[in-house]
Amino acid sequence: MASASAKQAPKLVSKTSAGGAGAAGAGGGPPVIPLASPLMGKKKKPFLGMPAPLGYVPGLGRGATGFTTRSDIGPARDANDPVDDRHAPPGKRTVGDQMKKNQDEDEEDLNDTNYDEFNGYAGSLFSSGPYEKDDEEADAIYAALDKRMDERRKERRELREKEEIEKYRMERPKIQQQFSDLKRKLAEVSEEEWLSIPEVGDARNKRQRNPRHEKLTPVPDSFFSKHLQTGENHTTVDPLQGLGGLNTPYPGSMTPGLMTPGTGELDMRKIGQARNTLMDMRLSQVSDSVSGQTVVDPKGYLTDLNSMIPTHGGDISDIKKARLLLKSVRETNPHHPPAWIASARLEEVTGKLQVARNLIMKGTEMCVKSEDVWLEAARLQPGDTAKAVVAQAARHMPQSVRLYIRAAELETDVRAKKRVLRKALENVSKSVRLWKTAVELEEPEDARIMLSRAVECCPTSVELWLALARLETYENARRVLNKARENIPTDRHIWITAAKLEEANSNTQMVDKIIDRAITSLRANGVEINREQWIQDAEECDKAGSVATCQAVIRAVIGIGIEEEDCKHTWMEDADSCVAHGALECARAIYAHALQVFPSKKSVWLRAAYFEKNNGTRESLEALLQRAVAHCPKAEVLWLMGAKSKWLAEDVPAARSILALAFQANPNSEEIWLAAVKLESENNEYERARRLLAKARSSAPTARVFMKSVKLEWVLGNIEAAQELCTEALKHYEDFPKLWMMRGQIEEQCENMDKAREAYNQGLKKCPHSAPLWLLLSRLEERVGQLTRARAILEKARLKNPQSPELWLESVRLEFRAGLKNISNTLMAKALQECPNSGNLWAEAVFLEARPQRKTKSVDALKKCEHDPHVLLAVAKLFWSERKITKAREWFLRTVKIEPDLGDAWALFYKFELQHGTEEQQEEVRKRCENAEPRHGELWCAESKHVLNWQKKTGEILAGVASKIKNTF
């Protein structure tokens with residue numbers, strides 16, 4: 001406030017002076033301060049005209065405090081406070097610095113050092129004065145003059161500056177310009193020369209390349225124990241002292257009894273001993289005072305104890321703690337067997353085997369009727385002593401099967417084992433386990449005698465009955481199984497074994513009867529027929545080679561518990577499940593039963609035919625197809641499968657006869673006409689193929705028939721005939737795009753680019769939504785060098801066919817081939833926005849990215865199109881490019897499994913195996929591809945549909961496509 005008052009003082013003085021001295025104010029000069037005199041004192045106060053004292057505020061005496069603004073007192077900040085601008089330069093980062101700068105700007109520097117003879121002072125002498133309208137006009141006039149003078153010499157000055165810059169650049173060129181000629185020569189460097197360039201070595205010195213890491217050595221426990229013992233007088237705790245105050249009403253408080261005398265530090269040894277003693281006392285308090293039985297959960301307690309026992313040289317303190325706890329358990333309840341077993345095992349782990357033996361033998365005295373304790377004692381004792389222990393245990397527990405089994409295991413001689421087991425069977429004749437163990441040691445004849453006795457003692461054991469039946473002759477086995485059924489009328493395995501017995505002895509007509517009787521008998525005895533269990537038994541019979549039994553079981557149970565409308569669907573699922581489990585005969589039986597129930601269902605015949613094609617023989621397939629066409633004569637695909645099977649077996653006359661029968665059943669069928677044409681053309685019977693096509697065009701004219709006619713003349717080299725047929729076909733089917741494509745491609749082959757362009761354009765007028773036509777026209781323009789026209793065609797195509805991934809993909813590739821990678825990336829981003837679920841686009845986008853970003857892009861692609869084969873193929877190629885062979889093979893297998901019709905996947909997989917696989921792996925891929933017979937794929941179609949490759953088989957096309965693939969990804 002003092003500074004503010006001081007600033008206000010001149011204002012007060014000037015106002016007073018102006019009011020009191022009118023003459024002076026009128027004169028315009030500085031106010032004259034009147035002298036104080038006695039004469040003037042009567043009229044005027046002596047302080048008028050004088051400067052106000054420091055801190056003076058007018059009117060403060062009469063209570064008029066007035067008001068003060070922020071401009072009067074300055075900013076409400078300390079001088080050291082930071083300013084709001086976080087990036088202020090040094091010297092302007094605090095409020096004080098800013099205020100000092102403003103004061104410096106207000107005061108002009110009129111020092112002689114700031115004066116120039118020509119320009120005068122560097123600053124303006126009148127900057128502190130008012131800036132009026134005439135000053136503004138003068139500044140505008142001077143600015144206009146400066147601008148006019150500047151424009152007069154502007155061109156000359158700019159030209160001079162440009163020459164100076166060029167001269168400077170020539171004298172001091174940039175590094176980029178110095179190497180521009182060398183960079184142009186890089187285009188001539190071959191891939192081999194580039195790869196032969198040596199790697200840049202590591203320029204760092206040895207110390208920088210191999211920095212020494214800080215080594216930390218752990219301090220041994222002996223160091224701490226030695227220093228802990230320096231100030232202690234005694235190392236024991238008297239239990240009668242109540243643990244030195246540990247059992248106080250304030251838990252957690254430190255007691256003086258745990259301090260090392262003379263040091264004031266904690267004695268760790270005393271703490272450990274006190275904790276053990278405390279645990280002992282608490283365990284004693286837990287025991288029931290009436291019965292002496294512990295109320296601790298023994299299972300949970302011993303589980304905790306087992307977790308404490310070190311398995312391989314654990315901490316000594318943990319072992320001591322576990323030993324003390326187990327001792328407490330034994331003393332609290334000495335008749336608790338797990339306590340003795342755990343104690344013995346603890347000592348065994350710590351290496352004190354004799355102590356463990358002594359403990360467990362004491363345990364056998366305390367727990368005489370415990371099998372576990374006796375078995376543990378036998379395990380810990382050496383051989384002869386263990387036998388004596390087991391013998392003693394058997395005297396105490398003559399009905400214990402486990403003890404007899406252990407006694408037999410301890411014997412090394414087979415006769416001694418038999419003797420022990422026979423003695424055991426005298427005492428425990430009802431034990432199935434003992435009988436099975438004893439029978440396993442006998443010869444087949446003695447085993448049969450023992451089993452006959454075993455089934456008398458244990459008549460409810462299915463295993464013993466079945467084992468006896470296996471050892472008996474056919475007639476005796478039948479009698480044994482009949483007795484077994486009488487004793488155990490509720491078990492299905494006896495019936496199934498009986499059926500297998502009949503089948504093994506070539507009595508197959510009894511198999512179905514036995515299975516039917518089994519179902520009836522089990523139902524009569526209240527057994528629920530579980531369909532899934534019976535099918536599993538049938539699969540086991542199939543794997544064991546009992547085909548008739550397996551088929552009989554399937555026929556008997558396949559329809560149990562299924563609604564009529566669900567039969568077909570459920571049976572097809574059962575057949576697929578059996579095929580997945582390798583039970584082919586079960587699947588065949590299911591299909592056979594389904595075909596009996598649904599003889600006119602084309603889909604069931606097809607499923608059965610594909611099953612036989614993949615898993616059966618050619619004869620079984622042809623027999624099935626003959627039955628199929630008899631029941632479904634209108635099913636063209638079944639006729640065609642039969643004809644193809646004969647053709648693959650090189651039985652062309654049989655194939656022709658099948659197709660002739662198919663014509664009779666399906667007159668004027670397009671598929672059968674074309675199949676007949678293909679059969680003749682593949683066998684080089686071109687004239688017969690032409691005649692068939694001519695008949696088809698007259699009797700059953702379709703666009704496909706015309707197309708195949710044109711294709712046949714084209715591949716045979718009759719270009720004029722092909723063009724005539726194409727023209728004739730377009731008169732009838734002008735909206736069929738493939739005819740326009742073939743017309744344009746024939747003209748391109750003849751190098752008539754204008755006619756080809758005209759054909760494509762005419763086709764697009766009739767078929768504007770055919771993406772392949774747009775692509776062919778665009779590639780034609782690109783081939784003749786009209787890049788702009790190709791780009792325009794694709795843009796027009798995208799307008800007429802929105803959300804077409806093929807057109808977007810071609811646009812991206814067009815820009816990429818033209819070297820405009822930035823534009824291709826932009827187009828790809830737009831394409832993914834318009835077609836976010838297109839696997840083709842995502843697969844291309846992965847390899848448009850730089851190598852470090854490809855993995856991230858592939859993850860995004862998998863999120864959007866998880867099961868798309870193109871994305872899976874792109875991921876496989878990515879792993880291949882990173883030399884991750886195993887992962888690449890896994891992803892290739894996944895791709896061809898999801899989409900076996902994608903020829904590109906097979907070709908890339910085959911190329912991959914040619915580089916990184918064995919001959920067996922290559923052959924496996926080739927065979928799988930031939931079985932799949934792929935038809936689609938960009939690279940595959942380019943090879944398979946080429947006019948020169950029209951007669952090539954799948955394996956030849958696979959090799960051709962693989963040879964053209966380059967590892968450019």
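Just so it is clear, glycine is given a Cβ too, placed from its N, Cα and C backbone atoms.
TrEMBL lists coiled coil at one of the ranges 142-192, 244-294, 907-957, namely 142-192.
The stretch that TrEMBL tags with region 'Disordered', taken from the ranges 1-44, 661-704, 793-836, is 1-44.
Looking only at the domain 'PRP1 splicing factor N-terminal' (52-206), the predicted model's pLDDT averages out at 73. The residues of the repeat 'TPR' (737-770), classed with DSSP into helix (H, G, I), strand (E, B) and coil, number 27 helix, 0 strand, 7 coil.
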